[in-house]
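Data first, discussion second: the structure below is written as structure tokens.
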Amino acid sequence: MADREYTLSQKQAINSSGHNILVSASAGSGKTSVLVERVIQKIINGEDVDRLLVVTFTEAAASEMKERIRAAIVKKINEVSDIELQNHFSMQLNKLNNANISTLHAFCMSIIRNYYYIIDLDPTFRIMDPTESELLKESVWADLREELYERDEDGKFALLTRNFSSDRSDEGLQDLILELFEFSNANPDPQAWLQQIAKNYEVPSDNVMDMEFIQQLLTEVKTKLMRIYRKDLDLTEQAINGGEPLKNAAEKFQNEVDDLKTIIDSLNGSWDDVQQAVSKMKFAQLPRGKKEEVQEFNAYAKSIRNDFKDEFNTIADKYFKLSSEQMIAVFKDAHDLMMKLIEVQNQFAERFLQEKLTRRSLDFSDLEHFALQIVLDDSEEGQAIRRDFQQKFNEVIVDEYQDINPLQETILTSVASPDPGNMFMVGDVKQSIYAFRMADPSLFISKNNQFKDEEQADERIILAENFRSMRNVDDFTNLIFNQVMDTEVGEIEYDDDAQLQFGAKYYPDEVQNNTEVMIYDDSQTDINDKEATPIISNKNDGQLQMIAQRIQKLFADHTQIYDKKEQKMRDLEYSDIALLHSTGSNNLEIVDTFKKYGIPIQVNNAQDYFQTTEVSIMMALLKIIDNPYQDIPLAAVLRSPMVGLKENELAFLRIGKKNGHYFEALLYFLNEAKLDSNNEFQMQLKTKITHFLEQLDHFSKLARQSTLVDLLWAIYDETGYLDYVGGMPDGPQRQNNLHALYDRAKGYEESSFKGLFQFVRFVEKMRDKNKDLAENPVVTDVKAVKLMTIHGSKGLEFPIVFLIDAEHGFNTMDEKGRYVLDRDAGMGITLKDFIHRLEIDTVQKNWIISIKKQKALAEKLRVLYVALTRAEQKLIITGAVNSADDTLNKWAEAVDTDETLIPAEARSKVSNFLDWIGMAIMRVPSVVEKYADYNTRKLQGTLIPDVELKIINSSELMDQQGLTALKSAQIPELQQLNAFDDIADVDKFKQIMNFKYHDEAATTTTAYQSVSEIKRVFDDPDKFELNFSEVDADQHIKPQNRFVTESLMAPRFMNEATKPKAAEIGTATHLILQQLDLNQPINETIIKDKIGELVMNRVLDEQVANRIRISTILDFFDSDLGQLMINHPENVHREEAFSLLLPAKGLFPKVKGDDDVLIHGIIDAYFEMEDRVILLDYKTDFVLPGSVEQGIEKVINRYQGQVNLYAQALGSILKRPVNEKYLYLLSIGRLVEIQ
């Protein structure tokens, strides 16, 4: 280590001492090396390693640091000849094992183990597994909740529950209690923090202006109003200077400015003064007229005025709707609710702690709180312990300081020397990305601002040189953050101290890699033939194929990278590439796409753990072992390799017994069905079912008699499933996933919780929370592209990094709940008025949402910084947009300024990484020249890197697909010819290429068809029988890959950030019709409540929900059929799935064999009356208002065959004919009968 050449700033960080030191270490700046060298230098200078406290973020980091220190000490022993020094180093080597180089939790554990008697704690405690802790919390809360209901004499607990829960469940309050517990526990004094959040609702002297939070709010409002005022004043002055054509507008704008000034002045008066002034504010219209001066002014002023009008209206709506009297009434009710909440929260915390102590168990949070209690104990003995720590540790070294919370900070400062300080804190606030773990970057920011003052004793050291990345990565990162990060949007200035400095001078000068921004443009995808299976199904698919093709091109171009270990250039390998994204929600799609392109890929994070085939099948089997009367898990197991039933076999079993649970159909097939012993199909099916039921019975008995882990291992062993998945693609990973499930079951049983049912329930809860049960990483030397989240990549580096899905929207769910929590601002709630059936968002809630938005945006900027700085040599950013032209126009408008920093309004409205990056690169000279039509101004500066902005559309990808398919054709005969003959045998080539399969039509037809696909093959739907009219099988759509997954992905209309499409609104309307309760009157209020419930439960996107035409739904229920549905709900069946087995050659005449096709569909609704059966299907097709009758005729022609097929299926299920068939056209609210 001594051989390494350190920079001046690194030497300063290694050698400076005698006071508190904060080291701000940018990405790639050699932070760990500096930390280790600092410890080594202290040892060299005679200090004992056990007199240092070194706190790391992870156990792996602590182990690595110990090993590096050990290696350095051993090296010193071998280097020095002085016997005294050798003895000193040898002693340090012995002391290293017991040195306090560990995680904070491990340090807290050592405090408690040594001084447990100070707080009267049983020393025989164990540390709970996080899984056990989660389960115990829920168990404790369930018991406490029942008690609170029973002794709720004043009804306050019921009111609290109703306020934070839905009509159907009281889990809303449970979620709040558990989240509030986590928030409060991240503070040194949870009780004090809880009392403070209630204080925000206290009104001193019945004057809201005396409330501390109101004064903070008004300060923030004044800043925003002053910004609006200045913009309006600027436009007013321009209108005045515009002469006679703008005279009237100038006068109106001047009145606006005066009114704004009045509002700003009123902020020093009473609340009612402000509220009345705000309510009177009216904005004038832009001037009208065709004169050039008017047109030019309007073109300039329109977007500016719209922006500040929107901002003003937001302020007015969120803060100034209520008078002071109304506000006080709301605050009083809210305060009463908060006090009850805090009372319940304290009871839960106490009960949870007592339960843990009874079990002699602690969790990680307890370790921190108990350690703090010991070091802050006011008894004489407690004070002596604190002094001992302060005297023992000559220095307290904290790694990743940006990620600690106030509780952890208090522990560390309590054991450090108070004066002079001896804390050495290292981190990079630009990489603080763990708010969900209660990390508080403000602690770092505060010291960063304080320590840079040279007049005070403490010191700040900047490590800015990046020794990881090539210059192009540094320059691009600086390019982006110079334009988007400051204290207003980002919480810190991206100044000279924050910028990356190029330090990796070992890269060869000839290696040049420009950063690429690749955008898939979905606006041209509609050119695909609507009646054919699209090569690119949607914009996400387009982006993934674009990424795969770019990777293929890297290899086709024989790309080379610089190998730092070998210190030479070499060919690119797949393992040199990493794909980073915000979430793992589309991991499965990415893996599927890469497999199609033959690109090996390894998933390093586990967002989709529960959706992996092997885990979902195992969970399905465990469910039916516990209770076989569950149709979906049972079907999954029967279809899986464990049983291996085919679709036609599944259908045959159901046909035998159409009603009841599917398990009953299995029993009926074995015990009651009349089987033909000469029928090979039936006999083979009987063998499979018999074996399966025997095995299921065996496993059920084992579940009752043995442990969960024994059951799991027996399943793995006796079914051979563990070995089977090892032979699948990514076999080692799949086996590790099953081992992880086994380990989790073992951990579960080692806790106090037992039983298969509880374990299945626990796993489902973890799945719903996207929590725990992560895949075990497979450490292999497989050369594969790495796929991981940005959070998972922190601390890692890769030669080539793709930041993908950059258009993925930020999560804003905090704003939509019934409460919002913030460490600093407290808690904001929605108050329910049950008398008037109103929900009131308190001013506190709206204020805290605003604060959290700012914090969330700052963290998203930091996440982006982490992503960009993982790249060593090349950075490629990808995204997908609905229209590239619209997107580029939006970016160009946002950066219409000569300032380097993009206006805060534009930066704060961003909802994804791509918009920040896009706005920043629109002024890069190379982009300005290439996309000159957008008239953006060039960014001025000397260190502006070239950026390649590429817009890719579907036609370009399709062209490339053809080339890719040709290059990767895997025809063995052709490969042999190509390998051994310089000139291929043309005749043999033709023979191979012209080969015709005897039943070629069957190769283009799947054994499973949905009705929506099969409807395309009807020529004469009115004459539907088992034999269809003649259809050319060649015209049938080629099947896409089919798979079954219990996907938790939201529907498409939950994911689009753009204006909802008509089809999405229709689909949402369809959903409302499906879910409305027919046992209550259907009116506008009921429908709105249902829509609100679906939005709250994240089933519907709010943007789509707002576009649902409630009148369309009411019109349906006003119709005769709608009234029939309301009057006879017991006769109505909705969303009924069916399967129908039909001969394939009847559907596709060119199919020559006797194969069958399983038709599957879902009937929207049917009425089973005494005298008739009525079939109803909702359709979302758009019908032009100007040609309604023609449009209806087209819809009838389009769906007549499908509806007739539904009718045949329904008739066969009910054993009676369908008498009436209807379509309800949602776009026009018309009921149409099908003859």
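Yeah, the Cβs are placed from backbone N, Cα and C, and that goes for glycine too.
From a predicted model like this one, the values you see are computed outputs, not experimental measurements.
Annotation source Swiss-Prot lists ATP binding site at Ala25, Ser26, Ala27, Gly28, Ser29, Gly30, Lys31, Thr32. If you look up Swiss-Prot, you'll see 4-470 marked as domain 'UvrD-like helicase ATP-binding', on the strength of sequence analysis. Feature annotation from Swiss-Prot assigns domain 'UvrD-like helicase C-terminal' to 501-795.
Sequence features, as recorded in Swiss-Prot, placed on the structure.
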residue	record	contacts (Cβ under 8 Å, 6+ apart)
Ala25	ATP binding site	Lys31, Val34, Val426, Gly427, Asp428, Leu463
Ser26	ATP binding site	Asp428, Lys430, Leu463, Ala464, Glu465, Asn466, Ala498, Leu500, Gln501
Ala27	ATP binding site	Asp428, Lys430, Gln431, Asn466, Arg468, Ser469, Leu500, Tyr865, Val866, Thr869
Gly28	ATP binding site	Glu465, Asn466, Phe467, Arg468, Ser469, Leu500, Gly503, Ala504, Glu797, Thr869
Ser29	ATP binding site	Asp428, Leu463, Ala464, Glu465, Asn466, Phe467, Gly503
Gly30	ATP binding site	Gln10, Leu463, Glu465, Phe467
Thr32	ATP binding site	Ala61, Glu64, Met65, Arg68, Asp399
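The average pLDDT computed for the domain 'UvrD-like helicase ATP-binding' (4-470) is 92. Shown in sequence order, Val34, Asp428, Leu463, Asn466, Phe467, Arg468 are the same-chain residues outside Ala25, Ser26, Ala27, Gly28, Ser29, Gly30, Lys31, Thr32 whose Cβ sits within 8 Å of the Cβ centre of the ATP site. For the recorded site, Ser26 (ATP binding site), the DSSP three-state label reads coil.
All protein chains shown were included, and the count of other CB atoms within 10 Å of the CB of Lys31 (ATP binding site) stands at 21.
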